[in-house]
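According to Swiss-Prot, the GTP binding site annotation covers 19-26, 81-85, 136-139. Per Swiss-Prot, the feature Mg(2+) binding site maps to T26. What Swiss-Prot lists as domain 'tr-type G' is 10-204. Taken from Swiss-Prot, the feature region 'G1' covers 19-26, and the record attributes it to similarity to another entry. Among the features that Swiss-Prot reports, region 'G2' is placed at 60-64. Taken from Swiss-Prot, the feature region 'G3' applies to 81-84, supported by similarity to another entry. Taken from Swiss-Prot, the feature region 'G4' applies to 136-139, supported by similarity to another entry.
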Amino acid sequence: MSKEKFERTKPHVNVGTIGHVDHGKTTLTAAICTVLAKVYGGKARDFASIDNAPEERERGITINTSHVEYDTPNRHYAHVDCPGHADYVKNMITGAAQMDGGILVVAATDGPMPQTREHILLGRQVGIPYIIVFMNKCDMVDDEELLELVEMEVRELLSEYDFPGDDLPVIQGSALGALNGEAQWEAKIVELAEALDTYIPEPERAVDMAFLMPIEDVFSIQGRGTVVTGRIERGILKVGDEVAIVGIKETVKTTCTGVEMFRKLLDEGRAGENVGALLRGTKREEVERGQVLAKPGSITPHTKFESEVYVLSKDEGGRHTPFFKGYRPQFYFRTTDVTGSIELPEGVEMVMPGDNVKMVVDLIAPIAMDEGLRFAIREGGRTVGAGVVAKIIA
């Protein structure tokens, strides 16, 4: 039997279900797979195979996530679902599964609950750009006014966290009803799929973004100059391009006079490739690991930012004791550690292993960063936390 060929023809979009425990996220995931397979063709997945999520390790953090895939006529979706609330928090903070859009599941029987709010806040902090609401269990509510009330509450809650609550799609359905093959609820799943297609714009591909390459190594080649190596994170580097060296020290500009891969000279390097870039007139000691090579003006160095952080539990190899204000660990960005101090939110005296917390970080040296950049928190080379830059302060 020949292997199925992966069709690269359709745009690929990453989504996931978020929301309060027991509001039906996994049931909805199963319903989407089942109904779309029935309507558009494809492979159905049953509830058990989704809920029984395998353990993954991202930066030493144990996260249970299940990944399913489905198709609409226009797109291919990769969808992530997590069994437990802690898994969601870790998943969103580490970026183990980056989302182009989230499906917020709210049970019509309960309305918004504490984790509904927390997931919306996290979505805002970690930069989930679009949210679509699926109001679940609507078959268990026979009062039309109550459904309207819940919808209004959810929209207001989203607006509170700067999502366009009044304008985003809200679909009232029943995941279980759809799984059981009831036509009126199956139609709601198709409506959800159409909302995904129209409301979430096609994500920009890494290769089309502004060039950026974290510098992993620097060496000089007799008679040719300085070469920096690394994996291109985004964009394209062409021979002759002007580039900026950003982070740690003052930003300097130079020109890339050569690109090589596996000792072969190329005209350009593209996102995802490991390359060496030859820099004109740059001395070996002017560049170091931890800086980035980038399109001039596309990224700036910063030292102070607000972040959302998950602190590893003892079982995950994290700290055994809490930390307090005045804690000074290393913050590992892309390829290097930088020492920094922290400020905890008002009223938070200490942070326990296994907690997630909002904190302001002040680094001793600037790092090239954008909002949404992930980092690890380390003590002597051991990872004790993971975080994401939520808002740049200075």
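Backbone N, Cα and C define each Cβ position, glycine as well.
Beyond its flanks by at least six residues, the region 'G4' (136-139) meets 23-24, 27-28, 105-109, 147, 172-177, 185 of its own chain at Cβ-Cβ distances under 8 Å. Outside the region 'G1' (19-26), and at least 6 residues removed from its termini, the chain residues within Cβ reach (under 8 Å) are 47, 50-51, 81-85, 104-107, 110, 112-116, 119, 136-137, 175-176. Straight-line distance linking the Cα atoms of G19 (GTP binding site) and T26 (Mg(2+) binding site), rounded to a whole number, equals 11 Å. Sequence-distant contacts of the region 'G2' (60-64) (same chain, at least 6 residues past either end, Cβ-Cβ under 8 Å): 53-54, 82-84, 87, 90-91, 94, 96, 310, 312, 315-317, 383, 386. In this structure the alpha carbons, written CA, of C138 (GTP binding site) and T26 (Mg(2+) binding site) are 16 Å apart. Cβ neighbour count for T26 (Mg(2+) binding site): 21 (other Cβ atoms within 10 Å of its Cβ, all protein chains included). In sequence order, V21, Q115 make up the list of same-chain residues 6 or more apart from H85 (GTP binding site) whose Cβ falls under 8 Å from its Cβ. Spacing of C82 (GTP binding site) relative to the residue listed as 'Mg(2+) binding site' is 8 Å (Cα to Cα, whole number). Least packed by the Cβ count within 10 Å, out of the binding-site residues G19, D22, K25, C82, C138, is D22. Note: the region 'G4' (136-139) comprises 2 helix, 1 strand, 1 coil (DSSP; helix = H, G, I, strand = E, B).
Counting residue by residue with DSSP, the region 'G2' (60-64) contains 0 helix, 4 strand, 1 coil.
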